[in-house]
Amino acid sequence: MDGDNQSENSQFLLLGISESPEQQQILFWMFLSMYLVTVLGNVLIILAISSDSHLHTPMYFFLANLSFTDLFFVTNTIPKMLVNFQSQNKAISYAGCLTQLYFLVSLVTLDNLILAVMAYDRYVAICCPLHCVTAMSPGLCVLLLSLCWGLSVLYGLLLTFLLTRVTFCGPREIHYLFCDMYILLWLACSNTHIIHTVLIATGCFIFLTPLGFMTKSYVRIVRTILQMPSASKKYKTFSTCASHLGVVSLFYGTLAMVYLQPLHTYSMKDSVATVMYAVVTPMMNPFIYSLRNKDMHGALGRVLRRPFQRPK
């Protein structure tokens, strides 16, 4: 596939999912509210974990990094959406579009890998409790997180580089909220068969392999829980996994709706699923993880009370 020599000077128009001024105002306030809730929720999670020594464990270490990733993820897309809702100029430069796409791919991949590592942490804590300290040492946790970051960065660079070899011609109007890989391939006028094949092959590996690992981990976790003699202990142990399972189900469910399909079947109706994984999932994660977690309740309460406490 030959690159477009004029791509660097071209622009795309992010027209969004509605051109009605009334609907755009509704969407502006809706996305602004969701963005503020997402930022507040994830910042509170990070502050609570970093300020409470009782939460300095592998599970909360990865949860704090998941919140950081979600915070960065929504900041990559929503502010530009909000500007477009209020502005007549909805253009985004070619370089800006590729930059947005790079961070989108990298951060979705990072979310996916961190969720897999969190499943491994739950497996070790429940199935191998006597080896938990050595199996999830601080050094190993940092190493696992570094590997997650490294793979995510490389995968984002790979897909972004492949997209630079695609030629765009004719109208570059994107009836979408941000620069998405499938939308850009849909607009291309050069042959995208190779890049789409690479996208499906690498996507299945980078996302389905961790999903398979998580499934295997939870099969072993369920077996261990079923062998516990006390019903109350079974419930208590499973409740430590419920939040993670909820986030995994939401993440993979919305992701599969958008990306595990042939390019020719992709349409604007998939924007609803994209909004789910790009906006709703990062917003819901803090609520899911803190809803029934007494440790998080206590830490969040101390963070929220601190500004109102008088210094002694």
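Placed from the backbone N, Cα and C atoms, the Cβ positions cover glycine too.
Heads up, TrEMBL stuff is auto-annotated, nobody curated it.
What TrEMBL records for 41-289 is domain 'G-protein coupled receptors family 1 profile'.
TrEMBL lists 26-48 (among others) with the feature transmembrane segment.
Summarising the annotation, TrEMBL assigns transmembrane segment to 60-79 (among others).
Residues or ranges marked as transmembrane segment in TrEMBL: 99-120 (among others).
Residues or ranges marked as transmembrane segment in TrEMBL: 140-163 (among others).
Under the heading transmembrane segment, TrEMBL lists 183-214 (among others).
The transmembrane segment annotation in TrEMBL covers 235-260 (among others). If one looks beyond the transmembrane segment (235-260) by at least 6 residues along the same chain, the residues whose Cβ comes under 8 Å of a Cβ in the stretch are 108, 111-112, 115, 118-119, 122, 125-126, 182, 203-204, 207, 211, 214, 218, 221, 225, 228, 270, 273-274, 276-277, 280-281, 284-285, 288-289, 291-293.
The annotation transmembrane segment is assigned in TrEMBL to 272-291 (among others). Within the chain carrying the transmembrane segment (272-291), a Cβ under 8 angstroms from the stretch's Cβ atoms is held by residues 31, 34-35, 37-38, 41-42, 44-45, 63, 66-67, 70-71, 73-74, 77-78, 104, 108, 176-178, 180, 243, 246-247, 250-251, 254-255, 257-258, 297, 300, all 6 or more beyond its ends.
When Cβ distances are compared across the two stretches, the transmembrane segment (60-79) makes no contact with the transmembrane segment (183-214), since fewer than 3 pairs at least 6 residues apart fall below 8 angstroms. Among residues of the same chain six or more beyond the transmembrane segment (99-120), those with a C-beta under 8 A of the stretch's C-beta atoms are 59, 62-63, 65-66, 69-70, 72-73, 76-77, 80, 92, 144-145, 147-149, 151-153, 155-157, 159-160, 163, 178-181, 184, 206-207, 210-211, 213-214, 217-218, 244, 247-248, 251, 255, 277-278.
Below 8 angstroms of C-beta separation, residues 58, 61-62, 65, 98, 101-103, 105-107, 109-110, 113-114, 117, 120, 181, 184-185, 195, 198-199, 202, 206 of the same chain, each at least six residues beyond the ends of the transmembrane segment (140-163), sit close to that stretch.
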